[in-house]
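The structure appears below as structure tokens.
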């Protein structure tokens, strides 16, 4: 006798654990014929057990899991399927999967309703200073007139079609001796597992057990919260009979700011200055997210290069739950150069005397050819498509040494 962890499925088919594939098939066909619902209408549960046992044991991978680890192997190794939980509970006395699909269960064992997700748009000022706002939502609550029963006391009856489960197991024959089990929502009770005569239904909720109610939530956006962060209101989602309400979850969505960009607890901004400011120092002010007017000074004689970044410590975003600690503010300077011919040519020599000396130009030896620098418009391309084709015919090693013409000089 084979050494296996559990023999219940083998016992259902009446075969030993070491049974061959042919022995399993023979036993299954015999039992399926005897307990088929068409022949034996009262043996539906028995037929499901037989089909489930054969489905597991006829699959080499599932059989190996079951032989080695028993019930636990099937729990952890199977991906689940419609109706399997109901069948598994008949055999092992416990559910393999949640019978109602994707609904989870709470710690007290009750089914738990779905969470309600709502986006909440907030400004960068809101996230910097914190904000309290009110949000109006519509949700289902248990009908107070019938206490969520749907009708007067005693009028609610278990659905006979699905036996109160809300779903029905359908058996479809694929081939002689081979059947498929399918699970579908019960059409008689619309998946509720209960039916109420129309004359006995609650007038307020019309037998639906729940009514719509407007809920006002007070939302606290704390200082330092971030885009994508969640604010959860536990148990405030839709109510339903016998179901623990899920949560209302607000997903923060930060709106774009015209001045600042956020990076974690740091802030970034770009400021334009002229050439004279870049060379001779400057002073400017800006309004911070809390309304303060911040003055930035840079001394004469210290040069600001185009595109350089300077930092102001402690003027970034407050840390979440530690708002007295703040990140930094990074300022990128966009140096604006004068337009062409902005100065009288006669004055250029005076300007050059004030600026650092030019580098020495090396002596030109041999034949030379003078070329002209022109404006480059990246939207029109380089115009050198035909010339580039010649390079494409060269070897990979040669072509890798040629740089494309799309690199634009920075104006300085």
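Glycine residues also receive a Cβ, built from the backbone N, Cα and C atoms like all the rest.
Residues or ranges marked as Zn(2+) 2 binding site in Swiss-Prot (evidence: similarity to another entry): 159, 162, 186, 189. Mapped onto three states, the DSSP output places residue 186 (Zn(2+) 2 binding site) in coil. Cβ environment of residue 186 (Zn(2+) 2 binding site): 159, 161, 162, 165, 166, 167, 168, 193 lie under 8 Å away, each six or more residues apart in the same chain.
The feature SUMO2 cross-link is assigned by Swiss-Prot to 134, with similarity to another entry given as support. In the structure as shown, the Cβ atom of residue 134 (SUMO2 cross-link) sits within 10 Å of 8 other Cβ atoms.
Residues or ranges marked as S-farnesyl cysteine by Swiss-Prot on the basis of similarity to another entry: 409.
Annotation for residue 39 (N6-acetyllysine): same-chain Cβ neighbours under 8 Å, separated by at least 6 residues, are 33. Annotated N6-acetyllysine per Swiss-Prot: 39 (among others), in sequence order.
According to Swiss-Prot, the feature phosphoserine maps to 78 (among others), an assignment based on similarity to another entry.
When secondary structure is read from DSSP and collapsed to three states, residue 123 (phosphoserine) falls in the coil class. Taken from Swiss-Prot, the feature phosphoserine applies to 123 (among others), supported by similarity to another entry.
Within 10 Å of the Cβ of residue 152 (N6-acetyllysine) there are 14 other Cβ atoms, across all protein chains. When secondary structure is read from DSSP and collapsed to three states, residue 152 (N6-acetyllysine) falls in the coil class. According to Swiss-Prot, the N6-acetyllysine annotation covers 152 (among others).
Per Swiss-Prot, the feature phosphoserine maps to 394 (among others); the stated evidence is similarity to another entry.
Per Swiss-Prot, the feature phosphoserine maps to 395 (among others).
The region 'Disordered' annotation in Swiss-Prot covers 359-412.
Annotation source Swiss-Prot lists repeat 'CXXCXGXG motif' at 143-150 (among others).
Mean predicted confidence for the repeat 'CXXCXGXG motif' (159-166): the pLDDT average there is 82. Marked as repeat 'CXXCXGXG motif' by Swiss-Prot: 159-166 (among others).
According to Swiss-Prot, the feature repeat 'CXXCXGXG motif' maps to 186-193 (among others). Nonlocal intrachain contacts for the repeat 'CXXCXGXG motif' (186-193), taken as residues 6+ away from its ends with a CB within less than 8 angstroms of a stretch CB, comprise 158-162, 164-168.
If you look at the repeat 'CXXCXGXG motif' (202-209), the same-chain residues 6 or more away from its ends with a CB under 8 A from one of its CBs are 142-146, 148-152, 196, 240-241. Annotation source Swiss-Prot lists repeat 'CXXCXGXG motif' at 202-209 (among others).
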Cβ-Cβ distance under 8 Å to residue 189 (Zn(2+) 2 binding site), same chain, at least six residues away: 159, 161, 162, 166, 195
Residues flanking the Zn(2+) 2 site, with Cβ no more than 8 Å from the Cβ centroid of 159, 162, 186, 189 and excluding those residues themselves: 160, 161, 163, 164, 165, 166, 167, 168, 187, 188, 190, 191, 192, 193, 194, 195
Cβ neighbour count (within 10 Å, all chains shown) around residue 159 (Zn(2+) 2 binding site): 19
Recorded positions (123, 162), the one with most neighbouring Cβ atoms at 10 Å: 162
